[in-house]
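Listed features, source TrEMBL:
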TRANSMEM  44-63  transmembrane segment
TRANSMEM  75-95  transmembrane segment
TRANSMEM  101-119  transmembrane segment
TRANSMEM  140-160  transmembrane segment
TRANSMEM  215-236  transmembrane segment
TRANSMEM  248-271  transmembrane segment
TRANSMEM  291-313  transmembrane segment
REGION    359-416  region 'Disordered'
Amino acid sequence: MDPFSNEDEEELIDPQDKTWVFHTKSETVIRRKTVAGFSAPVSLRWFISVVGTEYCHTYFWIAKDLAWMQGHRDFSIFFGLCALGWSLMVLYHALRTVNWHEIWNFIALFLWLFANFIWMRGEAHDHEYPEEAPIAIESTDISALILSVAFVWLFVYYVVLLPLNVIHSSKASLLEYDDGQMRPRCVMFKNFRQYENVHMLFWISKDLAWNRNSLFWWLICLFPTLFISADLLVIALTSNSADYTLDVVHFGVTLLWVIANSVWGFGDFFIEKYNEPLGIWDNSEETLMTARWYAAWILFFNVCIVFLMYGLWLTLTLTGRLVQNNDGAELLAHKHSMTGLNLSAGNGLLTYENDNISGTNNTNNNSNKYYNSSVTQRNVPGNGNNTNNTANGSNYTVNTSQNNSNNGSPGNSNVQISGLHATTSYNGFAMGVELSELEPVV
């Protein structure tokens, strides 16, 4: 009997069907049913995760720009401070995972955000208090210096540190940020995360050119910024990621953010006479001539998209359409023809070829047919049964012991491993061990 099989399910599974998600993170293939592009219910845990933290940081930043465009000083400062404060969560994850690539990029990110905050504060002050001494010019000059430092810092990373492989991070820390579900088109980048981060280099360059009122350099930097942002969205649209809707909406609103930012800049360069901040509800001839007003509407539309997405996610959660820890998730193994995935030996994916492990009734089972690229053992809820399994590879041995509780929830699990690095995984009704050979840091 194959412990990963479901005898009641005979239909073929199309890997291209976006209602199913095929994970390869941690060298394990997982099938998970999704609803409207969501694979799990909304939770506080997601918002403070690596991905959730970054997505929320983007939303704070968009809100800051929307308030800035309309001249709302207090709101722009509030959301600017929120973005600066929330960025500490981004730093926390970079430090927690000891990911030196992310730490280096965070420094540039923080400098960029801080420079924009100073730039915004000066302009908002002069708009709000026209009778006081102006500070916009001084603030703009200070922000230019900070933007220059951020640009040089990131330029060194992409031109020197990355090509020469100076910075090293463990595979585990890299997987926290990039699970391989989305791939860059450009072969210059080893993974999607590097491609995603290079977007910041061009955006900082564009902001610096805008700050210094250099139309030539602004145009030079504008096109790669727009192109990469659009390409990131296309990659997300054509992917089969675990949280398809979240990813698509994130990259979609980011593209609209770049477009709004570009419209605003276009107005500053070409329609300088009409560049005053105006409320989106203003109805005058001046608004129709003000690019900044159109940009504010684009960002307002952006905010609406974000609220609609999270409203849908919350609704699916409250109505029970999304189940915590998705008990329908199954590890796919020994199902080459069903999944259409290549699970051959040595390719880094789970392969299981032993029909003797039953997982019930105080049994001791042995298998020598786990390929030594990776191993995952899955225990399903039982009726107080104990299961002991042993798997032997060419250079490791793993012993797992699962005591399932009577109520169908996972019980205690004891793991003994020799020869390889191991991580335990807990997924609601499944308790397992994932093993992979130690690899040099990259």
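Backbone N, Cα and C atoms are what each Cβ position is placed from, and that goes for glycine too.
TrEMBL annotations: computationally assigned, not manually curated.
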The transmembrane segment (291-313) vs the transmembrane segment (101-119): 3 or more CB pairs under 8 Å: no
Leading stretch by Cβ pairs under 8 Å, where the reference is the transmembrane segment (248-271) and the options are 44-63, 75-95, 101-119: 44-63
Surrounding residues of the transmembrane segment (101-119) on its own chain - C-beta under 8 Å, 6+ positions past either end: 61, 64, 80-81, 83-84, 87, 90-91, 93-95, 139-140, 142-144, 146-147, 149-151, 153-154, 157, 161, 167, 169, 173-174, 177, 193-194, 197, 200-201, 203-204, 207, 211
Residues from the same chain, set at least six apart from the ends of the transmembrane segment (44-63), whose C-beta lies under 8 A from its own: 75, 79, 82-83, 86-87, 89-90, 93, 97, 113, 176-177, 243, 246, 250, 253-254, 257, 299, 302-303, 306
